[in-house]
Structure formats: structure tokens, C-alpha cells
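J.: Questions regarding the structure given below will be posed in turn.
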Amino acid sequence: MMGPLLLSIALCVSAAVPQHVEADGEEPTSAGPCHPNPCHNRGTCEISETYRGDTFIGYVCKCPPGFSGVHCQHNINECERDPCRNGGICKDLVANYSCECPGEYMGRNCQYKCSGPLGMEGGIISNQQITASSTHRALFGLQKWYPYFARLNKKGLVNAWTAAENDRWPWIQINLQRRMRVTGLITQGAKRIGSPEYVKSYKVAYSDDGKTWRTYKVKGKDDDMIFRGNVDNNTPSANSFTPPIEAQYVRMYPQVCRRHCTLRMELLGCELTGCSEPLGMKSGHIQDYQLTASSIFRTLNMDMFTWEPGKARLDKQGKVNAWTAGHSDQSQWLQVRQMDLLVPTKVTGVITQGAKDFGHVQFVGSYKIAYSNDGERWSIYQDEKQGKDKVSCFHT
């Protein structure tokens, strides 16, 4: 009785085994080796063109950026190629990286510099934008050390801001009129009645509305950052903000002062987009051949006193240190061709300055701006609210 039973089981087992035996390593399936997808991290599975019958021999994983390996299982360390510039610190992420930039740089790879003066020394920041907790008055109130005197390198007998003697918690603040990226602060003292006065240390606070303030903190802690200030009345002292401040209002709180809290200062930074660096008129990066004008004036009709376009550079020194038009009418123009770039350059502002011709003060009281991509078709910059040509008035 047992013999037929064993034979029956043997026949059933034999029937379950396929007649075609695959080579080692092959996994027969009608859907192929790409179903389900063996590639990790969203890799794309591609079937090998080599096959035999209905059995696929192999497949290849096409890996997305940031991954490697047979099955895209390895995350590539992008920091190994050192993508961060200007002292930036690279942090490897999944299929990506990020750069922690020093305060004065920005951009994905810390490639953009953001440390230009915001306008205290140059005057772009107006007197009305500078306020303080108090003002020192000397000589029976005749001598006033106003907040708007707190401009770096300001000259004169009264050339800085000084807080009142009874002001126990003095401060001075700047309203930038829009949110900006502030990456540093330069401070400078001054002499008052022949005695050096300066701020030895200070704190910084910032605000978006001028009401709610946040004090700049020590990185990674909840302690207020105390910055080192000046050691004499004339040498500028600079501190950078890492991370930078993004705010409309910046306020400086003197902590320790020599004699009185007397200050000249400059804020450093740029627009939030990083577009406020000088394009090169003052530095010479924009060369003379890129500057043209409608006409040129010669003092006493002498070539040695030619006020040509190449001299129209901010803070230029010398007897002939500016461009002067040959005619005094509204059809005169000065043109800058921006560095032969293949793409347009974004221009966010213009700084103008007058000059003296043999002691005679000369300047442009108002002007319009036109722009072009080909030097032939020009558009006048418009006032967005009025829809008319924008007329800028500065020097009076």
C-alpha cells in the first residue's frame, strides 16, 4: 500500500519543477527586473537590450544628481568639491549642499559681496533718517551734537553725535526706509573741546517697524552680543554681523564710553537681492573708453583743462576732476556703457557729486535717467506713481 502513495507524491513534485532551467543569477519574470524598481532615491531603471527568450539578462540604474552606486544607494558628498567661496562653510545635504556664508557675502556659493557703505558717510542716508535718544548741547546750548552728525569721517568743529550727559541709556538709530541686509558697522570717535571721546563697546538691535526690537545675539546662545568699539577718537573700528541682519531699522546702544558717548559711524550691507555694490566708476573698473558725453567743456579753451567724460568719477581729486558739458541746456548727457556684458546689468541707484572750476562751485541740480540695451533705443526712467519721467533732485 505504501509504494503507490510514494510514487504519487514524487510525480506531483516533479510536475511543479519548470522544464527550462535558468543560468545562475537570472530571475525570470514576465515583467522584467525593473518591476518593482530596484533603484533607490528615485533612480530610473533601464532594461538591458540583451535578453534570451522571455528572461531579461540585466538592468542599469540611472541615478539623479547627488546619488551614485549600482542602485543609486549612495549620497554624494557635494562638499568634497569645495563649492563655497570666500570662507563659506559647506554643509552636505541629501542630494544637495548649502553654504554658510560670512556676513559680508551672500549667494548659493557665497559668491556675492555684500559689504558696501549704505550711505552715512556719502549722504544717501538723509538727516531725517537718523535719530537718537538725546543730543548733547554745549556752550550754553549754542553747540549741538546732533544725531545726523554721526557720519563716518565727518569734518568740522562739531563733527559727531554725542548723547546728553544725563542720558543713562543712550542710543542712535538709522531708518533705512526698507528692509535691507546689514552685514557690518564701522564706528569712529571724535574730539570734543580738545578731548578724545569714543564708544568702547556697544550692542546692536534691529526692527522692521521701529517698535518691536530684537537685540543681536551671540551665535548659538541667548546672550546679547557686545561688540568692541574704538580705542581712540579717530581710527575707524569695524565689526561684521554673521549671520547678517535683515531689517529696516538698526539701533546702536553704547555700553562703555570714554568721557562721553561720541560717535561717527557707517553701516555696511546691500539690498536683500544683493544688488547695491558700486559698479566701478570710482574704482576704475568702468574704464574711460566706456564713458561718452554730448559735449565737453575746456576752461579758457585750453586742452590741459578739458573736463572730459573719463573724469566723471565719484571723489576724483585734482584741478580737473569732473565732467562738464560744453553747453548749459537740458539736451546734454553723460553715458556709461557697462562693461561689454552679454546680458543687461541691473542698476539700482546713482550717486552724483559736483566740483569746482577755479573756485566756482558747479553741480547738477536735477536730472533724468535713460537706459538702453543697444545704445540706440532709449527709455526714460518713470515715476511709478505719477507715470511721468522721474526727475531726481539732489545738489542744491
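Backbone N, Cα and C atoms are what each Cβ position is placed from, and that goes for glycine too.
Nobody curates TrEMBL annotations by hand; they come from automatic prediction.
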J.: Pick from Cys63, Cys79: which cysteine does TrEMBL list as forming a disulfide with Cys72?
T.: Cys63
J.: What is the disulfide partner of Cys101 among Cys90, Cys110, as given in TrEMBL?
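T.: Between Cys101 and one of Cys90, Cys110, TrEMBL records a disulfide, namely with Cys110.
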J.: In the same chain, which residue numbers or ranges, 6 or more beyond the ends of the domain 'EGF-like' (75-111), come under 8 angstroms Cβ to Cβ?
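T.: Distant Cβ neighbours of the domain 'EGF-like' (75-111) are 41, 64-68, 181, 183-184, 240-244, 268, 270, 274.
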J.: Over the span of the domain 'EGF-like' (75-111), how high is the average pLDDT in this prediction?
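T.: Result for the domain 'EGF-like' (75-111): average pLDDT 88.
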J.: Can you tell me the three-state DSSP label for Cys72 (disulfide bond)?
T.: coil
J.: So if I draw a 10 Å sphere around the Cβ of Cys63 (disulfide bond), how many other Cβ atoms end up inside it?
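T.: Around the Cβ of Cys63 (disulfide bond), 22 other Cβ atoms lie within 10 Å.
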J.: If you count Cβ atoms within 10 Å of the Cβ of Cys110 (disulfide bond), leaving out that atom itself, what do you get?
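T.: Other Cβ atoms within 10 Å of Cys110 (disulfide bond): 22.
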